[in-house]
Amino acid sequence: MNKRISLTRYLVEQQRMEGHIPAQLRLLLEVVARACKRISLTVNKGALGGVLGSAETENIQGEMQKKLDIIANEVLIEANEWGGHLAAMASEEMDGIYIVPNRYPQGEYLLMFDPLDGSSNIDVNVSIGTIFSVLVKPDGQGVLEQDFLQPGNQQVAAGYCVFGPQTTLVLTVGDGVAMFTLDREQGSFILTAENMRVPVDTQEFAVNMSNQRHWDTPVKRYIDECLQGKDGPRGKDFNMRWVGSMVADVHRILTRGGVFLYPWDKREPEKPGKLRLMYEANPMAWLIEQAGGAASTGKQRILDLQPGKLHERVSVFLGSKNEVERIARYHGEA
């Protein structure tokens with residue numbers, strides 16, 4: 001790109017010209033970005049910063065927490081609680097909502113986040129990231145957990161920051177998807193891609209094949225057809241990619257196409273899926289749709305789901321539109 005446009009300038013210009021971003025939302029997104037920079041620096045220190053390894057505690061999901069899970073969660077809370085933009089926050093790592101303390105002014109927004117997605121990859125130096133989503137608090141006094149239970153189509157901003165070879169922030173406010181890369185010397189996120197688009201067709205899928213025996217019939221059918229390649233009903237060869245970090249897998253799909261699958265499986269039949277609707281599926285689904293892709297549970301558009309609880313789980317199929325629609329069709333035919 002000819003001129004270097006910082007995240008701040010990009011958001012200010014969106015606010016002035018497009019009217020997509022109210023001033024308070026712009027300020028909130030800048031604070032989230034600063035928190036991501038701090039998390040990135042902490043992640044980069046690795047063993048030198050004493051941040052690797054397990055914290056020997058479990059989160060609300062019953063998952064063992066890494067030290068960096070807890071650190072990233074605290075960074076996001078401390079950065080956002082005092083600015084006056086938020087009424088409350090909710091995190092994958094916390095049991096309930098975090099209401100902004102009375103000593104700080106309260107704003108009109110609700111922030112949800114997975115502070116460190118893919119944390120099983122921390123100790124082996126593979127890309128991880130932070131996912132976030134912003135909603136408007138419904139009218140009324142005080143803040144309740146119920147206020148967060150809005151379908152994903154009500155989001156006013158969503159994004160993620162991937163900590164890999166570069167630190168990259170990907171953002172939507174409902175007017176396409178933009179990507180920013182952290183210039184460490186300058187200390188700023190710089191716009192490096194606008195109007196990102198996911199190709200409608202692909203020859204690449206991302207799924208954990210070790211779980212194949214636990215999948216439902218439509219998912220087995222789809223993957224089996226992909227694996228048959230040119231000799232099968234699809235008439236083309238497919239490649240498989242799987243990082244085990246949703247941020248990394250979705251970032252690849254946003255930049256070059258593909259389809260991401262994290263389906264329901266028979267090991268926990270009472271749960272509709274593994275990924276969290278509010279902290280992972282909704283923000284990623286909106287980003288993908290804003291880039292021309294699709295996101296489905298196999299039976300329903302993810303963004304139309306009405307959450308029933310804060311830590312609700314869901315099956316996720318997202319990415320290149322024609323592939324996601326094929327998976328949904330297979331579910332309908334089952």
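The backbone N, Cα and C atoms fix where each Cβ goes, glycine too.
For the Mg(2+) 1 site, Swiss-Prot records Asp114, Leu116, and the single candidate of Glu92, Glu93, Glu145 listed with them is Glu92. Site annotation (Swiss-Prot, ligand substrate) includes Asp117, Gly118, Ser119, Ser120, Lys274; from Asn44, Asn208, Asn322, the additional listed residue is Asn208. Here Swiss-Prot has Asp114, Asp117 binding Mg(2+) 2, and the candidate from Glu225, Glu268, Glu270, Glu280 in that same listed site is Glu280.
Cα distances from Glu92 (Mg(2+) 1 binding site) to the binding-site residues Ser119, Asn208, Lys274, Glu280 are smallest for Glu280.
A Cα-Cα distance of 16 Å separates Ser120 (substrate binding site) from Glu280 (Mg(2+) 2 binding site). Looking at Ser119, Asn208, the binding-site residues in this record, the fewest other C-beta atoms within 10 angstroms of the C-beta turn up around Asn208.
For the pair Asp114 (Mg(2+) 1 binding site) and Glu280 (Mg(2+) 2 binding site), the C-alpha distance works out to 7 angstrom.
Annotation for Gly118 (substrate binding site): same-chain Cβ neighbours under 8 Å, separated by at least 6 residues, are Val126, Ser127, Ile128, Gly129, Val243, Gly244, Ser245, Met246, Val247, Ala248.
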